[in-house]
Amino acid sequence: MSQTSLKKERDPSILILDFGSQYSELIARRIRETNVFSLVVSNCISIKEINNINPKGIILSGGPNSVYEQNAPKCDEKIFNLGIPILGICYGMQLMVKELGGSVIPATKKAEYGRAPINIDQESDLLSDVQDKSIMWMSHGDSIKCLPVGFNKIAHTENTLHAAISNDLKKLFGVQFHPEVIHSEYGMTVIKNFVYKISCCAADWTTETYIEETIPRIREQVGNKKVLLALSGGVDSSTLAFLLNKAIGNQLTCMFIDQGFMRKGEPEFLMNFFDKKFHIKVEYINARKRFISKLKGITEPEQKRKIIGEEFIRVFEEESNRLGPFQYLAQGTLYPDVIESAGTNIDPKTGERIAVKIKSHHNVGGLPKDLQFKLVEPLRKLFKDEVRQVGAALGLPAEIIKRHPFPGPGLAIRILGEVNNEKLDCLRDADWIVRDEIKKAGLYNEIWQAFAVLLPVKTVGVMGDKRTYAWPIVLRCVSSEDGMTADWSKIPFKILERIANRIVNEVISVNRVVYDITSKPPGTIEWE
């Protein structure tokens, strides 16, 4: 069955035009939290494409540029005459004002960044139920000098005369603050007002409707052909395995490549869980010796990643040829991957988007072009939290759904320097203790990631009246919403003490434990 004959996928009710904002993805997530489907598209989208999608509302995102710059990104100005409600956020509002005959200038007082109370000047559907003098998050250096004809000022701050504007007749609205960020007290109220009161969207984007719509599409796309899935045991590939199994049953084969860098007990758990408990066909490939031999003498982290990725491809090729033939390859690509792959760079000469190379997915490590698979990517329009919801609805247990993120190269990049079996055994035991104690303390679901890192140095210690010279272990525990930024977790000292005592007493070759209290930025979550 050809791809073109497939039933049309659901169109977004709210379309988000991206002008390079760091928050565009967050806007989409916030709208979906209201049970309304939204997608992020390029600011260069054509009027014809918009009409084909027929959205209920459009949001113009913020962005790092100034609208009065020569090559500032724009959108087709006819968008404002479509009769579709539009909300401009920050740069999006300034662009709307400029395109409709108003004027934008550099801030006359000072740039406004951070929290600021807004003063509501008049009633508006956009600010309905928003409390006067509530805190909103500002991040702008330019301001509106003169509004276009038909617009009214509906809110201001101490430093911004036009904090929110409206043209009720044409249903055009703008806010200088960012309602999508958590710091804006009534931000979700503003978003809900635009989505429901102004755009009249239906709250029909739910986990149940997604599953109901997706399973028939998978069956239609695949037909009676065979599908191969590289299973890692993470929430993405696990959810995908359950979804495909529900849709096509025995046509699915999962391949689990054990490269030797998994956490303690995970290979056994995954095989027992998928193959024996839920009867999902999983081919176990023991490639531990191959991978560890390739890393002998390798200390540079990017080189380790590259070697692991290349070896994964080789193993995947060999085993897929042995088990096949397969006509389809299933990938757990998520919507953030799609957004990132589409590119967000602005050409300084033309002001248009620059296409960027599509990144390889971590589950398959960048497959070679001569593998003649057709792709099945049913999760490609979902965010991580939505994938977890789908997994829960399909029956995945909490121990997988709430599993902490784990890097594709596994423990190989949590061992700084050269990787060998002795270090892997040491780190596995230490890492298991960290997670065990965090779970016992009831903190596991409150922490984004909790793990151990093995350093490539040795330290002096004293144990049993004898001098020791052994490795130190670093504890890394962070709290985050999406992994883009993170704070180190303020774990009670008693729990840290218990973890440290267990590690130095139960793990051979470790005599010291330290706690990493670096946030991201400036640090990263992983050490390599």
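Each residue, glycine too, has its Cβ placed from N, Cα and C.
So that you can see what the record holds, here are the features copied from Swiss-Prot:
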ACT_SITE  CYS90  active site, nucleophile
ACT_SITE  HIS178  active site
ACT_SITE  GLU180  active site
BINDING   SER232, GLY233, GLY234, VAL235, ASP236, SER237, SER238  ATP binding site
DOMAIN    13-204  domain 'Glutamine amidotransferase type-1'
DOMAIN    205-403  domain 'GMPS ATP-PPase'
Rounded to a whole angstrom, what is the C-alpha distance between the residue listed as 'active site, nucleophile' and VAL235 (ATP binding site)?
35
Secondary-structure category, per DSSP, in which SER238 (ATP binding site) falls:
helix
Of the binding-site residues GLY233, GLY234, VAL235, SER238, which one sits closest to GLU180 (active site) when you measure Cα to Cα?
VAL235
Conformational class of GLU180 (active site) under the three-state DSSP mapping:
coil
Tell me the Cα distance separating HIS178 (active site) from ASP236 (ATP binding site), rounded to the nearest angstrom.
30
Average the per-residue pLDDT over the domain 'Glutamine amidotransferase type-1' (13-204) and send me the rounded value.
91
Using the structure shown, find which entry in GLU180, ASP236 (the recorded positions) has the sparsest Cβ neighbourhood within 10 Å.
ASP236
Tell me which residues of the chain lie with their Cβ under 8 angstroms from that of HIS178 (active site), as long as they are six or more apart in sequence?
TYR23, GLY62, ILE89, CYS90, MET136, TRP137, MET138, SER139, SER184, GLY187
Suppose we draw a 10 Å sphere around the Cβ of VAL235 (ATP binding site). How many other Cβ atoms does it contain, all chains included?
23
